[in-house]
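Engineer: Feature annotation from TrEMBL assigns coiled coil to 94-149. Look at TrEMBL and you will find 563-573, 665-681 tagged as compositional bias 'Basic residues'. Summarising the annotation, TrEMBL assigns compositional bias 'Basic and acidic residues' to 575-596. The compositional bias 'Low complexity' annotation in TrEMBL covers 627-644. Taken from TrEMBL, the feature domain 'Signal recognition particle SRP72 subunit RNA-binding' applies to 543-599. Among the features that TrEMBL reports, region 'Disordered' is placed at 544-681. Marked as repeat 'TPR' by TrEMBL: 226-259.
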Amino acid sequence: KMAAAAGPAAAAGLWSEVNRCGQNGDFARALKSVNKILQINKDDVTALQCKVVCLIQNGNFKEALGVINTHTKVLTSDIIAFEKAYCEYRLNRIESALKTIQSASQQTDKLKELYGQVLYRLERYDDCLAAYRDLIRNSQDEYEEERKTNLSAVVAAQSTWEKVVPEDLGLREATYELCYNSACALIGQGKLNEAMKKLQKAEELCRQSLSEDSDVTEEDIEAELAIIHGQMAYIMQLQGRTEDALQLYNQIIKLKPTDVGLLAVIANNIITINKDQNVFDSKKKVKLTNAEGVEHKLSKKQLQAIEFNKALLAMYTNQADQCRKLSASLQSQSPEHLLPVLIQAAQLCREKQHAKAVGLLQDFADQHPANAAEIKLTMAQLKIAQGSVTKACMILRSIEELQHKPGMVSALVTMYSHEEDIDSAIEVFTQAIQWYQQFQARTNCGCCVFQPKSPVHLSLIREAANFKLKHGRKKEAISDLEELWKQNPKDVHTLAQLISAYSLVDPEKAKVLSKHLPSSDTMSLKVDVDALENSHGATYVRKKAAKLTGDNQQKEQGQGEVKKKKKKKKGKLPKNYDPKVTPDPERWLPMRERSYYRGRKKGKKKDQVGKGTQGSAMTGSSELDASRTASSPPTSPRPGSGAAVSATSNVIPPRHQKPAGAPATKKKQQQKKKKGAKGGW
């Protein structure tokens, strides 16, 4: 009985300790007291709830969830729904947290707050927006500012990832968080200048609010501003100010912020700036995108963009297997996405497998007709790179939704003209013009509004006429010009073209049409002749007269219009010119074309050609006989005569001597020398 009585007394003291520690925020000490209470009564519901709360406050979410799942009979969903859902949310088990919230019998304010967070993480922005609106409408407490901040974050996410035009929520941007979210929404709409101003305002508000706290250092302020500076750098990058953006990105990385999501985004953006340059820096930066927990900090589209850039970096660094592996993984995750198959095709092209790349793109276009247009444009580009312009034209003409577009018509006509296939080029014009005629016929029935004189339609007819005139198809061009003239009888330019075309085919018809031209009297042509002559396109430009001063001006006035003639310089005569001798009339012709040229005499001076090294001179074949010179004593050069052998001396140095049969073996020596030349210079 004494032991039984001691139990409740001890429990009461422990509960007092738990209450005191909870108020002081000492949850580790409170947990020890709760465990002692559970030793007395292991199924105490209040003690179990307190234990779960202490574990959550200490960050032990996994252990807290384990306690909940172990005592399911005692801790029912009605009692512990919020704590269980919160543990699952913090452990990134978002789907499980959603199920726990939805299964709760009573939706408390705490559960609604958590429900909004869960929907945001699941990227269900429409439902999330509705949840936060309901919370703001039906609650009044000190957390209203936080709810408005979350609401603005949802709107920014919709604008950025779903391209939804955000509605004006009427939120007063009194905090830097609200300013930052508003700037993100503007970036999603492409209003970059306005977004930059909002970010600058957010930076100013952030500095003001943090500087009021004496415990906050300048480093803490810079760390808090890192995310704002990151968005500023992103705007600079979008505006083409890549150097400024890169500098700001690197400054943020040097601060070593603890937000792994921010670091991953900045590293990814630096990689996109580097592209195929500075790949060593990109390989270092890509490590930041692989940090633990990044996948829970970023949206699906952000993670997807990072994976795309990893695949491209692998391609640029010639890691073909890694590139194929990453792109194949991306394609399995998003089968309808274009980028994975384009990366695979690019890798095949780097490996000179163009046919395989085209086949891969063709298969994707067949499987996903909605994306076929962009894929076929890439296929056409590959064909052009291979030199198959005609096949590229066939691929482009198979894109039905682009056949009538002026850009496509221009490209096809240019390519066919390059291949000198004028008939096909004219056919492209004809098909495009017919499409607009059929569209006009369909829309004139009253289904929708269409301008009868479509500027694009008329422009195509005019371009077709000009093209036909350029390539000699005058009769075909005349029909187009007549159509244009009917559309606008006051168009003098078209009428002039029509008359010019008829003058080559039917002069009488040209005369009749010329009567419709306005007379020269009615035409008021205000032409500034001086400006026209001095324009850049003028073939003749009048030189401005130099200003004359003093004596020069008097001389100029005295001489009037007489211009000083320049004296012609006499031509120089050759040194051996003899005025008594008549110059050779054929002196301007090459020697071989002159009438007295008889050709070179063969065999002359053949014996006088030396067989030794360059510079040696030989007067005859008799000098090559070694027996005649062997008995002659060598002579030394006299002082002052130089070290070189005299040109008239018959003495041949020993290294220049050749055997008597040397001339007969000349051809063989030359052949050997030619064969041996391969191993020389």
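Backbone N, Cα and C define each Cβ position, glycine as well.
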Engineer: If we skip the immediate neighbours and take only residues 6+ beyond the ends of the compositional bias 'Basic and acidic residues' (575-596), which ones have a Cβ under 8 Å from one of its Cβ atoms?
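Structural biologist: Residues packing against the compositional bias 'Basic and acidic residues' (575-596) from afar: none.
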Engineer: How does the model score the coiled coil (94-149) in terms of mean pLDDT?
Structural biologist: 91
Engineer: So how many of the residues in the repeat 'TPR' (226-259) end up helix, strand or coil by DSSP?
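Structural biologist: The repeat 'TPR' (226-259) comes out at 26 helix, 0 strand, 8 coil.
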